[in-house]
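Asker: Mind having a look at this structure? Questions to follow.
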Amino acid sequence: MGLSQTLLVYALVCVHLGVSQHYLRLRPSPSDNLPVPDLKEDPDPEYDPREQDLAERTLRKKLGSNFDPNFMSISSPMLVNLSAADNQVKLQGPMPNEIKKLDLTETPYGKRVKVGKKARRKFLQWLWTYTHCPVVYTWKDLGVRFWPRYIKEGNCFSERSCSFPEGMSCKPVKSINKIFLRWYCQGFLRQKYCTWIQVQYPIISECKCSC
């Protein structure tokens, strides 16, 4: 499922919830914009799960194998996030082919320039580091109406341009879906019925330097 389709499915679930739950507006609208923006909730605590609805054993069983401790946490996690510098230095995987295959010996005017192997290797490594777009992860509190409550969300590094010369920026190109439980209420106040349902939450998994 593509990024747009994933967000469309998520948005449809959110719209359905919004119609059923008093004043609840759950977006995002279908788009390629990630991470998911903060969801607007009805502040009325009547629509919050009660203590007996938050039994960990029951909820773990309901979520089953979808529970991923690498991206979700029941209790408030330590907010230790990778710095931009760490993300830039720790390049993941092999050097991209578009960089590896660059011909540094030929100029736009047809004149050839002699470049030694060592100089070429160092320049390509610098170019890869400069244009690398790390995913910077941070923990986000989704609120009591999600379980698990905390999600490790990805963001594309955006403190500077990733191109040389400047002009391009890091943008998401891939995402993964994580299944969470969402507290879902139908009806109003004393006549309402609430339960936990499964919803997909897209998380940025890869960023790329682009226009």
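Numbering starts at 1 and runs along the chain as it is shown here.
Cβ from N, Cα, C; glycine included.
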Asker: If you follow TrEMBL, the disulfide involving C207 connects it to which of the following: C156, C162?
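Answerer: Out of the candidates C156, C162, the one TrEMBL links to C207 is C156.
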Asker: Can you look up which of C170, C194 is joined to C185 by a disulfide in TrEMBL?
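Answerer: Disulfide partner per TrEMBL record: C194.
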Asker: Considering the disulfide-bonded residues C194, C209, which residue's Cβ sits among the greatest number of other Cβ atoms within 10 Å?
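Answerer: Selected residue: C209.
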Asker: Starting from C170 (disulfide bond), work out which of the disulfide-bonded residues listed here (C185, C194, C207, C209) have their Cα within 10 Å, and give them in sequence order.
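Answerer: Of everything listed, what lies within 10 Å of C170 (disulfide bond) (Cα to Cα) is C207, C209.
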Asker: Nearest to C162 (disulfide bond) by Cα distance: which of the disulfide-bonded residues C133, C185, C194 is it?
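Answerer: Its closest listed neighbour, by Cα, is C133.
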Asker: C207 (disulfide bond): which of the disulfide-bonded residues C133, C185, C194 is the nearest Cα neighbour?
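Answerer: Checking each of C133, C185, C194 against C207 (disulfide bond), the shortest Cα distance is to C133.
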